[in-house]
Amino acid sequence: MTNAAPSFWGPVTSTTEWCEINYAHSSYIAEFYNTISNMPSILLAFIGLINAFSQRFEKRFSVLHLSNMILSIGSMLFHATLQNVQQQSDETPMVWEMLLYIYILFSPDWHYRSTMPTFLFLYGVAFALVHSQLRFGTGFKVHYVILCLLCIPRMYKYYIHTTDASAKRLAKFYVLTLFVGSICWLSDRLFCKEISHWYFNPQGHALWHVFMGFNSYLANTFLMFCRAQQLGWSPKVVHFMGLLPYVKIQKPKSQ
């Protein structure tokens, strides 16, 4: 929300603002809570990256966790500055990340191994070039939702073919965090006028960041389990300090 306080970054040039008073806590950070709320996502992605790398999962999963970190860093830059260029550093990685999810979900059954990554790479480059020149508002959101919807049937297929109770629990928490996070996002977007008169702002968009950080981590962990199962790596879901789930595998000696 607009505020007359002095700002380091100058006038807002982004196409979107959220229900948080700009520069309320620092002249260097436009939306304070929406900026710092990306930190759990970065930490969770880093933990996932260490797990994928240390157990020598396929490189696609290391790239996936790295993309989660890049997206969160881009989101921090956007919310800290509310500048159009930084908005692209948030929105373009969102699309790239979904293209990566599409690849991971569909590639095991894709008969022509080079065509899918080539097409998705070219699509991602084309989107980045167009997005750097044109400002998308509703169009970007519709495009992003379509990419998300393409993933849902495949995720459901993975779920129904998984018999492990712990892995299924990951998928259920994935859906739960998505549902609760979406409510926070919508509330912040649709009821900002009412919320701005409250004594306490619940910071719905910041909560969306936190829930989506866990959502991405759970999705990645579930997909790592499913892929390890496909490869015969005897995966099991274990918990770090009894809380944070991750996948532990045991590869055959021949591998």
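Placed from the backbone N, Cα and C atoms, the Cβ positions cover glycine too.
Annotated features in TrEMBL:
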- Trp18, Glu20, Asn22, Glu31: Ca(2+) binding site (BINDING)
- His79, His205, His209: Zn(2+) binding site (BINDING)
- 32-51: transmembrane segment (TRANSMEM)
- 63-82: transmembrane segment (TRANSMEM)
- 119-136: transmembrane segment (TRANSMEM)
- 171-191: transmembrane segment (TRANSMEM)
- 206-226: transmembrane segment (TRANSMEM)
Taking 8 Å from the centroid of the Cβ atoms of His79, His205, His209 as the cut-off, which other residues in that chain fall inside it around the Zn(2+) site?
Trp18, Glu31, Tyr33, Asn34, Thr35, Ser37, Asn38, Ser75, Ala206, Trp208
Can you check which residue among the binding-site residues His79, His205, His209 has the largest number of Cβ atoms within 10 Å of its own?
His79
Six or more residues beyond either end and a Cβ under 8 Å away: which residues meet both conditions relative to the transmembrane segment (171-191)?
18-19, 155, 158-159, 162, 202-205, 207-208, 210-212, 214-215, 218-219, 222
Tertiary contacts of the transmembrane segment (206-226), defined by C-beta under 8 angstroms and 6+ residue spacing from its ends, are 20, 33-34, 36-38, 40-42, 44-45, 47-48, 51-52, 57, 61, 64-65, 68, 72, 75, 101, 104-105, 155, 158, 162, 164, 167, 170-171, 173-174, 177-178, 180-182, 184-185, 188, 235, 237, 245-247
Going by C-alpha positions, which of the binding-site residues (His79, His205, His209) is nearest Asn22 (Ca(2+) binding site)?
His79
Between Trp18 (Ca(2+) binding site) and His205 (Zn(2+) binding site), what is the CA-CA distance rounded to a whole number of Å?
7
Quick note, His205 (Zn(2+) binding site) and Glu20 (Ca(2+) binding site): C-alpha atoms separated, nearest Å, by 9
At the Cα level, what's the spacing in Å between His79 (Zn(2+) binding site) and Glu31 (Ca(2+) binding site), rounded?
5
Students should find that the Cα atoms of Glu31 (Ca(2+) binding site) and His209 (Zn(2+) binding site) sit apart, in Å rounded to an integer, by 13
I'd like the number of other C-beta atoms within 10 A of the C-beta of Glu20 (Ca(2+) binding site), please.
25
Quick note, His209 (Zn(2+) binding site) and Glu20 (Ca(2+) binding site): C-alpha atoms separated, nearest Å, by 14
